[in-house]
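Look at TrEMBL and you will find 2-76 tagged as domain 'Cation-transporting P-type ATPase N-terminal'. The transmembrane segment annotation in TrEMBL covers 56-77, 83-102, 251-270, 276-302, 669-691, 697-715, 745-766, 778-796, 816-833, 839-863. Marked as region 'Disordered' by TrEMBL: 169-189.
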């Protein structure tokens, strides 16, 4: 059955409904059992076990597991090795997997919280009584009660209506409210917007009242069908994660090749095969960056957490890194750049008499507003001294000005009772009401001045035309107010009878004021190399005035209307897109064209949207930003990021955090790979020189997980360096190792290699360092272990900033200092405590060896400080 093609009686019968009594509880339970809850389907979720086993398929994890099995076999089958080494490797694998699963769970909880924040209710008749219920509990056949301001939470067939106008832009893209007609019977080819007897989930009642029978809920609604097209079960890895996984594979393959090479060299030198096999395993384990993926994930997670605190909830992890590259933000005007609170700013009555309502109100201005307030259909509620006005935003602004300054709407209506009306419609673009005024009658007409202009026969009409143009250039929406006095009650309440020979009373200039923070946010974005583009459904003059006020555009040439855009070919748009800053009166299709044109120019585009019709543009953009307050569920589902405050400034803050995350990940890679790469060179060079293995596998695991891991985890919390928003956006195709990162890693690894080999050689071969501790392989391994562990831990302070470590405040990242001290403490403890010495194949060493290890571990800091000093910009003495 297609409800829009049927009569009300047929729909009531089909859905077993009752307009007077509604459904019984028994019927509701049956219908919920048959139809389910009124909500969208959620993507299927992986079980914990599936998530865990999925995490074990990573290439680097497989190498660690193979190493653990070989180590375990060696411990069981021979006198070499022990169980601790294999269990430690397995423990590291499990910890990595658990951390990844916990982070995924946190992201799911954040999204769930967002959905809870947007819970909706519906007013229905059940068991003969009016009830307000959770919208999820609606079922087909429920009788909905509608009034101005009601959110439509299911598809429904209208049964009764009185001046019922519904705003359906979330679904159809048409911003003008539609007058509904319960008597209308649709045709087969009626589009959604033409079905005047239907209501659809996601729309809003802006005027009137009525009753409707619910015909579809959940995924069966029109919005649900669109949501179904957007659903995806696929969990995508970020481009950065993919690149890091590839990097991990390459390093692991290099390590395997190096391990095979070391094994071969050892055999050539006559070393025992089993010893060489264990050494090769050590090398393979050494090169695997066990904590890299976890640290990068934690850095991304911390960025997501910080963004959530700043009102930006990330739905898809790639958005975090993509935000750092954004260089164009296409933003809606209403509610994002502006407050979405229409206010009366100017009132004109005659001549040059213009009242600025922020400076005060005159009696003449109040008279214009009071008469206009009578010609509105908003509902005023005053609960706990808090004024709430439901209905058309323009009408609400007029009534608010009256309520806050003089009368209440109720007082006016009592004094001038309404006896008739001609509702607003999109063809006439005006509204008329008729009121009793003592023994006479008054008809009041309000609407757009350019439409009413020929109907004004009295008043200062020519001056009004000048003022209307002036108001428009100031981004004011102009409402003209006129009236006519009737000695007798009008016999015909029609446009032909009443909307003529009017006396102009005045003009009301209404504005949706810019958010206080928008101008500064746009300036900040501009400084960061990001262009802001305004896309709006408003008139081009209004949009241009707001854009100028906010600093988005300077010249009128930068603004274009949707009609002009539609006449342009894609090639013509591509030629002009960088010169255009404002698009007015655009359609959803226009938005997609604008996004794609920018992308063809090489830009990374962030796009805002709130309606169902915005979903394709949100999907097409590089970072889709849905509104959390006014946004529909479908828009949020299509977006990469949800703004819980609907604020443009939040996008700019998110871009800054995206850049900070990218910066933090580069620091983590520098920190971890410097040590991992040096480990390969240390082992290979020592074996080539015939010195023996400088480390055991368990020692290298300790360095990778504790000395590197603990400070590395805290490195993700490092605040952004000063001036991060003074830099240009990160190029879309820039590799993570661009801007000299490989050189930094190579230099650091070389320094680590040299100092560690020196420590190993001194401990293994140099006599007379200590009379009580003669040189040996074990002493050399212990010294090398301390040098590499200490050097690596202290290196975290090198990578924190491009500035000297003495110019960076430790208090800006207290957790980093705490983790570094913890890692130093644990390293020292296992080298001193006999029980842990045995577990990690360490031996007691002399005080002289300790001093040598500490001094050698300071060398990387000294070298890095010298490089920073050499690269530091010269300071002009005149600027000091």
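Including glycine, each Cβ sits where the backbone N, Cα and C put it.
Caution: TrEMBL annotation is automatic and unverified by curators.
With a cut-off of 8 Å on Cβ pairs spaced 6 or more residues apart, the transmembrane segment (251-270) and the transmembrane segment (669-691) reach 3 or more such pairs and are scored as touching.
By the count of Cβ pairs under 8 Å, the stretch nearest in packing to the transmembrane segment (778-796) among 56-77, 669-691, 816-833, 839-863 is 839-863. As a whole-number mean, the pLDDT of the domain 'Cation-transporting P-type ATPase N-terminal' (2-76) in this prediction is 83. Beyond its flanks by at least six residues, the transmembrane segment (83-102) meets 48, 51-52, 55-56, 61, 64-65, 67-69, 71-72, 75, 285, 290-291, 293-294, 297-298, 696-698, 701, 705, 839 of its own chain at Cβ-Cβ distances under 8 Å. For the transmembrane segment (745-766), the most Cβ-contacting stretch among 669-691, 697-715, 816-833 is 669-691 (pairs under 8 Å). Tertiary proximity for the transmembrane segment (669-691) is limited to same-chain residues at least six positions away from its ends with a CB under 8 Å from its CB atoms, namely 244, 251, 254-255, 258, 261-262, 265-266, 269, 279, 282-283, 286-289, 291-292, 295-296, 700, 703-704, 707-708, 711-712, 715, 736-737, 741, 744-746, 748-750, 752-753, 756-757, 760-761, 764-765, 780, 784, 788, 791-792, 795-796, 799. Note: the domain 'Cation-transporting P-type ATPase N-terminal' (2-76) comprises 47 helix, 1 strand, 27 coil (DSSP; helix = H, G, I, strand = E, B).
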